[in-house]
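Engineer: Got a structure here, written out as structure tokens. Questions coming.
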Amino acid sequence: MPKTASTAWLTDAFSSALDLGKSYMSNGHKVGDFVMSDTALGEGGYGKVFKGTNKITGEQVAIKVIDTKRMKATAIVKEVATLKRLGRHPNIIALYGYYELHEKHYIVMESVTGGELFKQVELHGCLSEANAHKYFVQLISGVSHMHANGVVHRDLKLENALLDADEKDLKIIDFGLAHAFKPRSDGDGFETERLKHFCGSKSYCPPEMLASVPYDGYPADIYSLGVCLFALLTGFFPLEEACPRDWRFEKLARCQLAGRSTTQKVFEFYRRPCPLSANAVALLDAMLQLDPQKRCTLGAVVRSPWLVGKDGGGGASSSQAPCDRELDLNSLDMAYRGMSPLNALFDLQSMPSPSYVDDEEDASAGHTLAPLPPGVERQSAASHLEPFIPS
């Protein structure tokens with residue numbers, strides 16, 4: 001309707017009220033039971049993360065503000081539903097609330113202020129096996145809880161693991177690309193299906209995902225965890241991307257087909273001896289298998305000598321600093337053994353060239369912009385880690 005003198009005041013008043021409401025919320029202040037400050041903790045293409053406070057308890061929180069003009073509401077609801085399914089776990093970011101107002105969505109989560117696990121690698125070049133162990137055991141604990149509840153993360157990386165203020169406890173974040181399988185009708189576990197879409201960061205992605213073949217999300221997460229552990233222990237990635245585009249990929253594929261150590265081979269590329277313990281090498285080799293059918297299960301990781309700290313070639317042995325968090329190996333193992341991993345058909349020798357989908361696209365999730373974790377915007381992970389080989 002054309003704006004006339006008789007209607008101008010009404011239009012202007014409505015616009016002012018709407019702008020006031022939006023300003024109140026974004027600079028704002030009240031979001032349900034929480035008060036949101038104007039202090040931004042991070043910013044991405046989807047919006048911003050602000051510092052907040054629980055009005056009742058005074059607890060500090062992080063409030064992710066997402067504009068539905070930039071990210072589809074279905075994707076936001078999916079992330080919230082995934083976090084609700086997972087409930088509370090000491091190594092998974094906690095969801096405190098979810099609100100919607102003025103085409104914006106507000107996801108209230110616990111505040112974790114110690115920075116990304118990635119920063120530890122940037123600061124130190126690489127971590128000792130004892131220090132890497134205390135973080136990795138928590139990663140495994142969180143992922144075990146996800147898998148036992150029918151959730152695969154699909155974007156596990158050091159940037160998606162935040163540390164508390166004391167840099168001891170770890171929280172897995174950013175479930176925007178996670179896939180939650182439907183519960184079985186008989187109540188016994190979850191449905192299994194092959195996933196079809198590439199998502200995540202290339203240096204952490206398994207070859208079956210990069211090859212655009214239907215893949216099983218559970219072993220895909222295992223490969224990403226293997227890359228995380230390798231980067232923690234060495235300061236660099238085993239591959240820039242696990243596909244023929246990377247000159248090392250074919251060499252590693254042949255190495256694995258010959259039954260040789262993947263980890264040792266990577267160090268051979270740089271003409272350096274491998275400084276890692278035998279237990280660490282064995283675990284890395286098992287997790288970084290390019291063929292998902294040969295890749296170890298999460299249960300095998302949980303039982304591995306390096307993770308449980310058994311001596312005999314290194315690992316987190318009794319001579320090293322103890323792990324800060326106890327891991328209930330039996331319960332995690334039993335939870336994972338109750339699942340039926342789906343093995344995707346995969347042939348290293350006939351793997352097609354990769355056909356990439358944009359990193360921020362996941363058609364099955366119905367969204368075009370993956371939310372970033374609390375923290376500053378960054379480039380792709382592959383551009384951060386320069387090779388650092390301990391001499």
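Keep in mind that glycine also has a Cβ here, set from the backbone N, Cα and C atoms.
All TrEMBL annotations are machine predictions without curation.
Here TrEMBL flags LYS64 as ATP binding site. The feature domain 'Protein kinase' is assigned by TrEMBL to 35-307. Residues or ranges marked as region 'Disordered' by TrEMBL: 353-391.
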Engineer: Around the Cβ of the residue listed as 'ATP binding site', how many other Cβ atoms lie within 10 Å? Please give the count over every shown protein chain.
Structural biologist: 25
Engineer: Reduce the DSSP letter at LYS64 (ATP binding site) to three states and note it down.
Structural biologist: strand
